[in-house]
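The block underneath contains the structure these notes are about, expressed in structure tokens.
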Amino acid sequence: MLQEAIKKIVLKENLDEKEAYEVMGEIMSGNGTPSLIGGLLIGLRLKGESVEEITGFAKAMRDNAVKLQLDADYVIDTCGTGGDGGKTFNISTAVAIIASAAGVKVAKHGNRAVSSKSGSADVLRELGFNIEAEPMYTKKMIEEKGMGFLFAPLYHRAMKNVLPIRRELGTRTVFNLLGPLTNPAPIKGQVLGVYDRNLTHPIAEVLLKLGIERAMVVHGFDGLDEITTTAPTYVSEVKEGEIFDYVIDPLDFDIPYSKPEDLKGKGPRENAEIIIDILKGQKGPRRDIVVLNTAAALYVGKLVENLKEGVELAERLLNSGLAYERFLEILGYQRRIIS
């Protein structure tokens, strides 16, 4: 199936959803050689991935993942595709912690760095979390403390053969898109940053096909896979079975423009320190971008009616110290239940 798929893709022909599902199934079964998988990934990158292809791949990965069943009505994820070249600190990881302090339940799905210096797993480990906690512990963390981390290799075990190929290619591939689309938890809301402006609407279409109730798929005018504060941001919102495309500007929320260099991160240790400083109330451009993205998480989490309310709530959580308290609670709870 892989060879046939590559032949189609080389001719710039799209796979349908069923074909894509079968191709991913073959990869996960371990039958795909590194050269075939690499050829498929590069071919898709050059052609451009279709909605049907991404949906089929995502459904196959979800069906073959270790499922995390939760006793919670509404759970969200906050993540980006990566591959934007922005080299920012781990914004969505900070957002997940703050959103949980507001009462939103967050199943943060992520991995170690592949095409960046610091993935969500890297920075969470530096913050003191056991990123390889068994699913039963992560389930308790989400249900009791509002946030847990789902380390992708623990849940997508069949993908272990793909990671070395991704690292060797050293460029973004369809797997940058699939990571955020294959959360093993039953999430219903999502803030998803993408590396290309032309992906916001197609990825919103995929989310609809995957059963997401409310989402914001975002891409900054500056290229970031976040809601940026250096410029406006493109948004494709999923709400009540429809997709709405619009642009938001940080100035609309009384957040000043920042400079790209103000948002840069470094390695996991430095990024962890940045997150701690923000949670402790430090002000500045880094806090501003976290606040705006937290507002989006609170909105897709159905805790606020709009982003303006979300910004106000995020500011209160940081100013009051509640966000930092929640971070310590989550960390302490994980250590207690695992020990």
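Each Cβ is built from the backbone N, Cα and C atoms, and glycine gets one as well.
Counting every protein chain shown, the number of other Cβ atoms lying within 10 Å of the Cβ of His109 (5-phospho-alpha-D-ribose 1-diphosphate binding site) is 27. The 5-phospho-alpha-D-ribose 1-diphosphate binding site annotation in Swiss-Prot covers Gly80, 83-84, Thr88, 90-93, 108-116, Ser120, and the record cites sequence analysis as its basis.
Sequence-distant neighbours of Asn111 (anthranilate 1 binding site) (same chain, six or more apart, CB under 8 Å from its CB) are Gly119, Ser120, Ala121, Phe151, Ala152, Pro153, Gly179, listed in sequence order. What Swiss-Prot lists as anthranilate 1 binding site is Gly80, Asn111.
According to DSSP, Ser92 (5-phospho-alpha-D-ribose 1-diphosphate binding site) is assigned to a helical segment. The Cβ neighbour count for Ser92 (5-phospho-alpha-D-ribose 1-diphosphate binding site), using a 10 Å radius and every protein chain shown, is 27. Positions annotated as Mg(2+) 1 binding site by Swiss-Prot: Ser92, Glu226.
The secondary structure of Arg166 (anthranilate 2 binding site), as reduced to three states from DSSP, is helical. Around Arg166 (anthranilate 2 binding site), taking its Cβ as the centre, 20 other Cβ atoms fall within 10 Å, counting all chains. Here Swiss-Prot flags Arg166 as anthranilate 2 binding site.
Taken residue by residue with DSSP, Glu226 (Mg(2+) 1 binding site) is part of neither helix nor strand, so it is coil. For Glu226 (Mg(2+) 1 binding site), other Cβ atoms within 10 Å of its Cβ number 27. Summarising the annotation, Swiss-Prot assigns Mg(2+) 2 binding site to Asp225, Glu226 and lists sequence analysis as the type of evidence.
For Arg166 (anthranilate 2 binding site), the nearest neighbour among the binding-site residues Gly80, Thr88, Ser92, Asp225, Glu226, judged by Cα separation, is Gly80. Between the alpha carbons (Cα) of Asp225 (Mg(2+) 2 binding site) and Thr88 (5-phospho-alpha-D-ribose 1-diphosphate binding site) lies a span of roughly 10 Å. If you draw a 10 Å sphere around the CB of Gly80 (5-phospho-alpha-D-ribose 1-diphosphate binding site), it holds 28 other CB atoms from the protein chains shown. For the binding-site residues shown (Thr88, Arg112, Asp225), fewest C-beta neighbours within 10 angstroms: Arg112.
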